[in-house]
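What follows is one structure encoded as structure tokens, with my remarks underneath.
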Amino acid sequence: VSTMNAKTSSAGEEEASGMSNETLGEAKRRQVIRVAYVIAALDLTFLFMQMGLMPYLAKSLGLDSVGFGYLQTIFGVLQLVGGYIFGRFADQFGARAALILSCASGSIFFLLLSLSTSIPLLFLSRLPGVFMHGIPGAQKVITDVTTPSQRAGALGKLGFCFGVGIIAGSAVGGVLSTKFGVYVPTYVGLVGSLINTLIAVVWIPSQTKPKSDHHVSEHSDLFSIREILRLMKFPGVMDVFIVKVFAGFPIGLFMIMFSIISMDFFGLEAVESGYLMSYFGVLQMVVQGLVVGKLASRCSEMTLLRLSVFVFAGVGLGMALMRTVWHYCIIAVPLVFAFSMLATITDSILTKAVPSSDTGAMLGICASVQPLTRTVGPTIGGVLYKQFGVSSFGYLQLMVNLGLFVFLLKSKIPLEEIKSQ
């Protein structure tokens with residue numbers, strides 16, 4: 001064990017030393033991180049713009065609810081498969097190339113969507129989604145230019161970008177589609193994605209980490225089950241990844257069914273649902289911008305991981321007992337906190353647990369968790385809601401996270417706990 005700790009410490013010191021000797025100065029490094037935030041915020045804004053208009057576009061083309069479900073499932077599967085491939089691409093060709101690929105894929109996506117005058121073209125427009133991974137691309141840039149002790153705080157601020165994307169994307173998409181037509185947001189998304197691509201080309205350095213770390217790993221296939229299994233064998237990785245997948249899964253099912261629940265259970269109109277989404281966006285911005293980073297600088301990451309799981313269990317109990325939308329607005333505060341903390345801390349721990357040449361692949365695997373939920377969620381969530389009601393999501397959340405909390409207390413995950421100074 002002492003030998004392993006020595007190796008881990010040596011690797012951390014070597015990485016930090018490599019960073020200090022890198023041509024990117026501290027000012028340049030901060031600038032690169034800011035540019036990554038801008039790209040992520042714009043990417044999410046355009047993504048939420050199209051999410052808001054998709055039901056209306058699909059309906060105008062004659063696609064029924066079942067067909068729309070297939071459309072969403074296809075997009076989820078493409079994102080699920082593409083997440084790991086994108087991460088491996090980032091490891092082999094660099095974070096800059098990966099971000100450019102993501103932004104360029106977004107441009108193709110919006111171009112095809114703007115030309116979708118029939119159902120087959122609408123389904124075809126989903127294909128570029130396999131490489132649309134703006135957040136993992138920005139995470140890869142940030143992971144490359146930060147030291148391990150800075151990583152959790154820097155990654156946490158990406159959630160602020162998520163809040164911006166929800167609020168701006170939903171609002172702008174709704175206004176544009178209502179006043180100027182359903183295709184206008186796709187034109188804006190096309191132009192915006194092209195601008196995003198240009199920003200990545202001009203402002204992201206071609207190499208964002210030390211040359212000694214920038215190499216192709218032993219297995220160079222972009223998609224390899226063997227590579228995924230190899231990463232999962234690193235000490236503690238499988239344990240943390242299991243927590244990442246299952247802690248938020250019941251909430252993920254609830255959010256997938258939220259459009260139906262908001263109408264049937266809460267009795268909300270479409271406008272009121274939009275206000276509720278904006279409320280979530282504001283909470284996300286506040287938590288990620290003001291809370292996550294400060295806690296990450298004061299507490300060990302394993303402590304914060306256990307805290308997020310414990311809070312998730314409490315959220316489950318609250319959801320099981322809630323009866324009105326006002327109850328849900330109260331529950332949303334700890335919900336957003338736990339969700340944001342879990343995502344940030346697990347990403348930080350997992351990227352530190354693998355060699356620096358595999359951080360892109362690990363981020364790609366992490367990015368596949370939400371698409372996996374979106375793929376299997378509609379079926380499982382539909383059965384839970386129909387058979388057992390809204391409270392079933394809360395009870396499932398409570399039981400799963402209590403089990404995970406006990407698992408984290410008993411397990412001795414051999415990961416170095418790093419606390420920022």
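Positions of Cβ are set from backbone N, Cα and C atoms, glycine also.
Going by TrEMBL, these are the annotated features:
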type	residues	note
REGION	1-21	region 'Disordered'
DOMAIN	29-415	domain 'Major facilitator superfamily (MFS) profile'
TRANSMEM	35-57	transmembrane segment
TRANSMEM	69-87	transmembrane segment
TRANSMEM	99-123	transmembrane segment
TRANSMEM	154-176	transmembrane segment
TRANSMEM	183-204	transmembrane segment
TRANSMEM	241-261	transmembrane segment
TRANSMEM	273-291	transmembrane segment
TRANSMEM	303-321	transmembrane segment
TRANSMEM	328-346	transmembrane segment
TRANSMEM	388-409	transmembrane segment
Counting only pairs at least 6 apart in sequence, do the transmembrane segment (183-204) and the transmembrane segment (35-57) share 3+ Cβ pairs under 8 Å? yes
Tell me, what is the mean pLDDT of the domain 'Major facilitator superfamily (MFS) profile' (29-415)? 87
How about long-range neighbours of the transmembrane segment (241-261): same chain, 6 or more residues beyond its ends, C-beta under 8 Å? 232, 273, 305, 308-309, 312, 315-316, 319, 335, 339, 342-343, 346, 350, 365-366, 369-370, 372-374, 377-378, 380-382, 384-385, 390, 393-394, 396-397, 400-401, 404, 407-408
If we call contact 3 or more Cβ pairs under 8 Å (sequence gap 6 or more), are the transmembrane segment (388-409) and the transmembrane segment (154-176) touching? no
